[in-house]
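Here's what Swiss-Prot has on this protein:
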- G606, P607, N608, M609, S610, G611, K612, S613: ATP binding site (BINDING)
Amino acid sequence: MATYTPMIQQYLDIKAQYPDAFLFFRLGDFYEMFFDDAIKAAQELEITLTSRDGGGEERVPMCGVPYHSAQGYIEQLISKGYKVAICEQVEDPKTAKGVVRREVVQLITPGTVMEGKGLLDKENNYLATVTMFDDGTYGFAYTDLSTGENRITLLASLDDVMNELYAIGTKEIVISSQFPEQYQQLLKERYDVTISYEDETVIPEGFTSIVEALQQDKLKITFGRLLHYIIRTQKRRLDHMQSVQVYQVDHYMKIDLYSKRNLELTETIRSKGRKGSLLWLLDETVTAMGGRLLKQWLDRPLLDRKQIERRLHMVETLIHHYFERQELRERLREVYDVERLAGRVAYGNVNARDLIQLKKSLQQIPALKDIVEKLPDHEAKQLANKLDPCSELVDLLERSIQENPPLSVKEGNIIKDGYNETLDRYRDASRNGKAWIAQLESKERELTGIKSLKIGYNRVFGYYIEVTKPNLHLLPKGRYERKQTLANAERFITQELKEKEALILEAEEKSIELEYELFVDIRERVKQYIPRLQSLAKTISELDVLQSFATVSEERHYVKPQFSDNRELIIQAGRHPVVEKVLGAQTYVPNDCYMNKERELLLITGPNMSGKSTYMRQIALTVIMAQIGCFVPAEKAVLPIFDQVFTRIGAADDLVSGQSTFMVEMLEARNAIVHATQNSLILFDEIGRGTSTYDGMALAQAIIEYIHDHIGAKTLFSTHYHELTDLEQSLAKLKNVHVRAVEENGKVVFLHKIEEGPADQSYGIHVAELAELPASLIQRAKEILAELEQQEQRKEQPSGKNEAVFEQLSMFAEEQPSKEESHLSKKEKKALEALKSVNLLETTPLEALNKLYEIQKLLK
């Protein structure tokens, strides 16, 4: 066994307690890392890997970063999912006997970040915990340490857990060490998160209010696990975590994770970014707090009609009061992130500049209150009453903190004159002492006759009298004590100067010490306001989101939705909000949608790329916007309250779990069929396309019949199986609609307009004509299509309610007999095969043109 130096052994002992974290080990002005940590950190941070003697036979790998710039390096590691343990020297090296005592003062993890670039203004940084109980239920809790927001619930299944995790976008999940391995693997695959472990579940002392709020043992166990993990990693008590909100998922519209992705509510499928999502469109918030709340509202649309209508009424009021809304926006822009400032106060890392930001924010509250109180709306009056100006706190900060304080809280110049008498005396002593020294310099020049004599100061020798060598003979004997000899001068001290120096330096030192003590006292007094600041932040956030809805609704000409009591859905001139913004209102084609108890299932047919998917998405987005309390993109909207939204739109394979497009289709279809109620909204786009024609049609028909007969949910079902349109004859509540397309002078024009009835034909061959494929090939394609249609009619008819023939709305039928192909030349066969292989559902317009160009080249 290797024998290491005491310092390296100390490192190893501490590292053993934090095996899954990088240990930032404080050595003087650096944080050092050793052994495997050093090798890995050097790679991840792109810093130099070196080595040092550790007492053993081989040198120890080592790398380090300066402590004053460590934050940036820590953020890099955290952003990559690592943990960092900060190990500080906890005793003065000058007085230490042997190795300086060191302790880990904080374990920073992806879910416990409190400051820095890792915290985005308009995004929460959630830490979640999942507890699995013997009866198959799950306790689920999450917190944002930077804001003090805590929420908890009980969930019935692992699917519900997955949906909640996706909704909050957590960075880290805390579980029991006994959590099943297969479920841990599932969490890691589905979400790129850090998994951490905590087995202690008893709520610690000091959290009485939380114990009282959590009546069920399951909730106490779940939140206890979360609290213990936070205390263990942060090594401190967090005063802003004294409340928890118990919520029920069935109080909100359920949107499963597949549907949230398909609808691009908070991020786009391709870029995984905000731009192009519904959140991006709706975000006209001007505070960080409002931006975060907007996403929370979008993740959890309401079911309570009264709550929805309260929001809508406030939005309507703000739309009708433009000047008040603009003034409200201007005032809100002056408000800093009060929620996170309160978190920093509780955490103990708030600085004087933070307190000035808090003061400036609170100074806006009276004006905000005045604006909101004047609005003719009951909800506005209630919000105004919640705008707490915290006048005593503003007064404290106004009296105590300098307007432009330094970033450091230990270098003085933080506290205002007049706040503390003792501090004022120290400052007077320091200022007067310096003035006395200036007078002494004049007096010494006069006494000695040396005009070049000067009094200076440095940290090594303190104050001194400097005389050039040619003038040394002019100094009176016995009065000056030599301190330092320079090349051209001598430096002296007098008893009088020595005594004054002691007074000045003592005053400055005591002044800085007292300032820090006063700052800590002020910080502790501010802590008492944390609950009020958190409540105020919540109200400001609500105001910001509501004005954001009003701003977007007015700019985009949205309409206030009404809610029906008979499950009727009427949307006149509805638009897809995001597509309309990108294309422009003049370009976008609006569409109607009408559904009621006799018209519950719309079967949508039409050519590919004609707008079926966009139409379906816009219905869902309209419903969601209405239930978060926003106006909607339509000329008129009367909607039922939907309890759930399910979608199957898009054909991206689940590459992570190795599931095919068809398997993903079936899983998403199952999710809707098992959980949907008659109050749900289902959007199915091209179900069944991932398998053979007959399998696909059979499944599509069976799903339609099941929804129609057993669920009764409002359903939009698009299909390329034209035969399914005959179901209108046998299913009373199914109606056909189609996307209109017309031929003009031999050209196909997609009008993107939804009309009653089924689509009457396919336009695949017309598209091939537009691409200028050889006339002989086009003619042959038409002949083959006609022959195939005749053959299909002779084949086995679909069973049950649908007596239609099998005919696909696609470029060509999928199955073509080899005897037909025998009439073609080799070139034509190759071109036809290439054309058949094009999957229009997964091909962009540009890719299609490139493919057609290749086919043309084959025939030349």
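Using N, Cα and C of the backbone, Cβ positions are placed for all residues, glycine too.
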Under 8 Å by Cβ from K612 (ATP binding site), counting only residues of that chain that are 6 or more apart: I604, G606, D685, S718, V739
For the ATP site built from G606, P607, N608, M609, S610, G611, K612, S613, further residues of that chain with CB within 8 A of the site's CB center: S718, V739, F750
C-beta crowding around G606 (ATP binding site), within 10 angstroms: 28
Count of other CB atoms lying within 10 Å of the CB belonging to G611 (ATP binding site): 23
Distant-in-sequence Cβ neighbours of S610 (ATP binding site), under 8 Å, six or more positions away: V739, A741, F750, H752
